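K.L.:
Once you've had a glance at the structure underneath, I'll fire off some questions.
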Amino acid sequence: MPRLILLLVIVSFTTLCYATISPDKANCTKPPKIENAFLIGDMEEETYPQGHKVIYGCHPGYLSFYKIQMLCLDGKWRMLRDLQCRKKPCGHPGDIPFGSFQLINGDQFVFGAVVEYSCDDGYQMVTKHKTRICSASGWINQLPQCEERLCPPVRDDRLRVLSSVYDEEFTMGHVINFACKNPRHILKGPHRLYCTADGTWDRDPPTCEASGSCTVQENEVKRNNIQLKNNGILHYEDKEEIQFECVSGYEISDLAKLIIQCNSGILKYPICQKKGSCIVEENDMRINNIQLKNNGSFHYEDKDEVQTECVTGYEISDSRKLIIHCNNGILKFPSCHKKVHKIPCGRPPHTAHGEIIETIKDSYSSGSTVTYKCLQTFKHQGRKKIKCQNGIWDEPPLCVEDTPCGKPPHILYGDITTTIKDRYSSGSTVKYKCPQFYNLKGSGVIKCRKGIWTEPPLCLEPCTTSQKNMSENNITLSLNQNRNKECDQKEQQIVKCYLKHNETIWFACLPGYKISDPKELKSKCDRGILTYPRCFNRQLERNTN
């Protein structure tokens, strides 16, 4: 008997301990910390009961496609869906005219990324900030602006500036020629200046000084296919003009070049070329950043091939364009552009619920593309293929859950333009229409998004004028002021008008009636309701007074 009592005591104690300890095993300690996230609502307790659910929110600048939730299950926190707070994208920061940008912090246009802008050659930045930062609310700082660098005017009372540009300031690539105002002076220094990319002239300006006379050399005249015009005088004073003309069968691209000056005893003779032939001008090559290949000739006959090449530091997209032909005296020069170093990209960005169909590499050359596909029950949102562009990948597509929608909502007075189905896939749209004279308020197209239709539109009711109401208020419809309205006429009189919502109509008092304020004769349709003004009998009012 004592043994039986002892056994019962042991069993009772064991049961009591089990009842006390077992529930604790189902409790959970504090929820774990998730990177870039915080707990929503729940205060942090020491323990949480079995089945308790906590929800996390993302810190500013981060987002998650779905709610991040954890469930207390068997004493451990379990994430209901494998999610995390990712950096919020800002989209493309924006291109600027006459400039470009590069990513200097981060490798995507997401929270924390910094892009730095720079201006093209010949331009300078005129705004305060040259960077844009991707913040929680989008890009910080306005787009920078670039304006042309200007070369300063050349000021010398003795110089005459010869230019097709009439401004006193010049942009990159402009060339100005000089002459001395005093015909007895000669030009010392360059006779032309070139405005460079940094806003300075390529050389110091010339000066004008007194000089000697010139004598036309007959052998130079013959060698350059020219002859003196009219007088045939061979001797000229310093700065005196000399006019030439091309001999028969020859021509020059610019007739102004046939007039030269005696310059401190030196004459620069013009060159006439055989009709249809071409001369390569140094200025044309400089502007297009090219040079003659293999020290080629500057003179070419019609149909001759001219081989050019880009100057150092410049390139062209198609090298075949560097070979041109003399075409009846015309040369169409190719243009080379400054070389741009193309930066490769790293591994392409990950997208939730999607994968890349090709084998993923650690490095991709600029211009490479990869293609994404979504997992089952998920649907693409955005383009499937993205491109590496100078070190930066395009934004990857989103894979959204393809939850279907039921029948689209019915709207009063309105109809759907297509056959109504029982089921619509996510992303499907339907279009509504209203009857004649009804106004459509809102978007006429709604979309199925994750099983829910977007807000449908309204059909706002029209108004129709009532002959009875007009008679009771001693009014009629104004013929002149309602000419553009949808109205029925009978014997040059308007008998009924049809108004859309918010449309106005003008009334007129019947003969012998008047109204205190003529503005009250104007009425507006308000969703099928039209307020009628009232006119009073003039004779009755006169007798009352």
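Using N, Cα and C of the backbone, Cβ positions are placed for all residues, glycine too.
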K.L.:
Where TrEMBL annotates a disulfide for C345, which of C310, C374, C388 is the other cysteine?
P.N.:
C388
K.L.:
Pick from C336, C448, C459, C463: the cysteine that TrEMBL pairs with C405 in a disulfide bond.
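P.N.:
Between C405 and the options C336, C448, C459, C463, TrEMBL records the bond with C448.
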K.L.:
With the disulphide bonds as TrEMBL has them, who is the partner of C85, out of C58, C119, C134?
P.N.:
C58
K.L.:
TrEMBL annotation: C119 disulfide-bonded to which of C134, C146?
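P.N.:
Here TrEMBL pairs C119 with C146 via a disulfide bond.
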K.L.:
Within 10 Å of the Cβ of C119 (disulfide bond), how many other Cβ atoms are there?
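P.N.:
21, counting other Cβ atoms within 10 Å of C119 (disulfide bond).
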K.L.:
For the domain 'Sushi' (343-401), name the stretch out of 26-87, 88-148, 149-210 with the most CB-CB pairs under 8 Å.
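P.N.:
If we count Cβ pairs closer than 8 Å to the domain 'Sushi' (343-401), 88-148 scores highest.
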K.L.:
If you draw a 10 Å sphere around the Cβ of C146 (disulfide bond), how many other Cβ atoms fall inside it, taking every protein chain shown into account?
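P.N.:
Excluding its own Cβ, C146 (disulfide bond) sees 20 Cβ atoms within 10 Å.
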K.L.:
10 Å Cβ neighbour count around C448 (disulfide bond)?
P.N.:
22
K.L.:
On the three-state reduction of DSSP, what should I expect for C58 (disulfide bond)?
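P.N.:
Once the DSSP labels are grouped into three classes, C58 (disulfide bond) ends up as strand.
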